[in-house]
Structure formats: C-alpha cells, structure tokens
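S.K.: Annotation source Swiss-Prot lists Zn(2+) binding site at 19, 21, 208, 300, citing sequence analysis. Annotation source Swiss-Prot lists substrate binding site at 21, 23, 181. Residues or ranges marked as active site, proton donor in Swiss-Prot (evidence: sequence analysis): 211. The site 'Important for catalytic activity' annotation in Swiss-Prot covers 232.
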C-alpha cells in the first residue's frame, strides 16, 4: 500500500541536499543567544518569535539584493570559533532531524573574520562542528554525511584565495567551491582565475547563476567558467518555448545544459521570495523535470525561507501532483550530482535512498 504524501511521511523519506547556506539556516533562538554572548546589539528584535518573523518577512522582498540584507545579522553573530562550531553542529542536527542523509552546506569564510580569525581557522571550526554533529546524529540513530562548499563573494576580490582554501581542505571535508552574492553587475567571469585554479587541481565547483540575472549569467557559468553545477539556474526557462499544443522547444543554451546533464540546484521557496518566480505553482521546476533536466530540490536558506527539505518537497507535491517515484528521482538526481566520490554516491543511492523510497511507494 502506498504511503500518503503528507508532511509527516515525507519527513521520513531520505533526502539529499546540495544548496544550503550555513548563515541562512540558524535557529532564531541561537541568533538571540549568540548575540547576547558576543555583544551583537543590532538585532531588530529580542524575542524569538518576533525575530523569526523578521527574517521571514524581510526575505519576502521580491528582490535578491533585499533578500540578502538580513544576513548581516546572522553573519554578525558568527565571528568566533565557538559560534561557528555551534551553528555548524546545529545545522547537522536539524538536517538529520529531517532525514537528510547527505548534504553539502556552503558558507563564505571571508565573512567570518571580523573577530580576528584567519580563514583556515574559520573553516576548521565549521568542519569540526559538522563532524561533531554527524557523531551526535549517529548516536541518536540518524546517519548523515555533511560536506562543505567554501564560497567566495562575487562582489569582492578574494575568489582565488578562497579557491586555494578549498584545495587546502579538500581531504578534510571541503568538496567544492562556489561564488555567491548579488548577480547584477558581478558576472561569473570576474572570477575566471579561481575557476581555472579549481579545474587545474581537478576540483569541483558550482556557481550561483540564473537566479536574479538571466541567461547571460548561465551562459558565462557554463561556457567560460566550466561550472559543474548551477546554483539556482531557474532563468534557463527563458530559453525554453512551450507551444499552445504543449510542444517544448529548447534553445541552444537550454539544450546544452540538459544534454550535458548539468545539475540545477533549484530552491522553490527562495525563488518566490526573491521574485525569480511568482509562485510555487508557476515555478518552472515541473517543466524542467518533465523535459528531463537534472533537477534537484533544495532549501537555500532555511531560516529566511522558514523551510525544510520536507516542506520544499510537499510544496512541489501540492503544486504538481508528484508521487514517491518523483521524489525518489529528484533525490537520486541530487546524490548523483554531489561532489563526493562515485562509490560513496552509489552506496547512498543503492543502500539507503532506493530501498526506503520503495517501502514508501508500496
């Protein structure tokens, strides 16, 4: 018998998450406590519920630039090794509680040195938090693997330095590199040196592209930078035409994106908040899934979007009528697209994801 697709049941399904920002996933209570501990006085509220409402409301801005503004508060309380360790630990705890079995969590080390820490110390603290979180989850009967992507800010000029950081930590839990931040005026090609360095070291990277900006951002990320994955990439829909009879025609950029199986790290709720799409029902996720792009489901910023992987999946189920086999496919897509070794990916797919979805599908 097929298990009903409720939030409770979806929460029991194994999930793989590729696009989640550490500084966008703090618990509101943790933000308050860290602010008190470290003397951060700029929070807009001193009540947990009011603070949660602030982050959620501020994120529903219709603009990527305005969506990013509340991050000043989360980053502001993440300036010590102890704070970074705690946030990383709780991140793993929260993801494991949602039955995420694999996650790549990203953050920008350059944003966490205001308290005097060096970049290496910042990464060390986060990786230690992830490792301790994994152990705690295992002790609670929930197995999860969390790896790290280090991100460079696209408006800054430290991307080569951050790419070198990724390579230094590649055997200690960092599996890739990313650039993030406001897209308009800061094309991916500003950071070619960093991407060339990653390729020269046989390393993997994803690029935020096609979120607030359009097709040129995606084209640069693929054609000139050589991205292994696209962070968001939702604007690829602008290169797809659907005729009145339902026939779908791909433009050349969309075609090569699909043909090369370049994964899309789609974040439905976040895309609505930033104005990239009007609503979940109007999100191109389903069009992209039906035309066999490699789509994945992601949270982006769990605090700002007040979301979990289970909630993202449920919203897609409600909008597009997906079943367990669809959710399994999206999860396998993510696992196939992860930056860990092939045999580790395969083990999670064959030993964890497929068997558990088979039970749910009846």
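Glycine residues also receive a Cβ, built from the backbone N, Cα and C atoms like all the rest.
Because the structure is a prediction, the values reported are computed rather than measured.
Explain the structural surroundings of these features, please.
M.R.: Its Cβ placed at the centre, residue 300 (Zn(2+) binding site) has 27 other Cβ atoms within 10 Å.
Under DSSP, residue 181 (substrate binding site) is assigned to coil, being neither helix nor strand in the three-state scheme. In the shown protein chains, 17 other C-beta atoms lie within 10 A of the C-beta of residue 181 (substrate binding site).
Same-chain residues at least 6 positions away in sequence with a Cβ under 8 Å from that of residue 211 (active site, proton donor) are, in sequence order, 64, 183, 217, 231, 232, 233, 234, 235, 271, 274, 276.
All protein chains considered, the CB of residue 232 (site 'Important for catalytic activity') has 29 other CB atoms within 10 Å.
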S.K.: Just report the maximum Cα pair distance in Å for the recorded substrate binders 21, 23, 181, no decimals.
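M.R.: Taking every pair of listed residues, the largest Cα separation comes to 13 Å.
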S.K.: About how far apart, in whole Å, are the alpha carbons (Cα) of residue 21 (Zn(2+) binding site) and residue 181 (substrate binding site)?
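M.R.: About 12 Å separate the Cα atoms of these two residues.
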S.K.: Does DSSP put residue 211 (active site, proton donor) in a helix, in a strand, or in coil?
M.R.: coil
S.K.: Between residue 300 (Zn(2+) binding site) and residue 181 (substrate binding site), what is the CA-CA distance rounded to a whole number of Å?
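M.R.: Spelling it out, the Cα of residue 300 (Zn(2+) binding site) and the Cα of residue 181 (substrate binding site) are 13 Å apart.
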S.K.: Could you name the residues, excluding 21, 23, 181, of the same chain that surround the substrate site, i.e. Cβ within 8 Å of the Cβ centre of those residues, in sequence order?
M.R.: 22, 24, 68, 71, 75, 106, 107, 108, 111, 151, 180, 301
S.K.: Take the Cβ of residue 208 (Zn(2+) binding site) and count every other Cβ within 10 Å, whichever protein chain it belongs to.
M.R.: 28
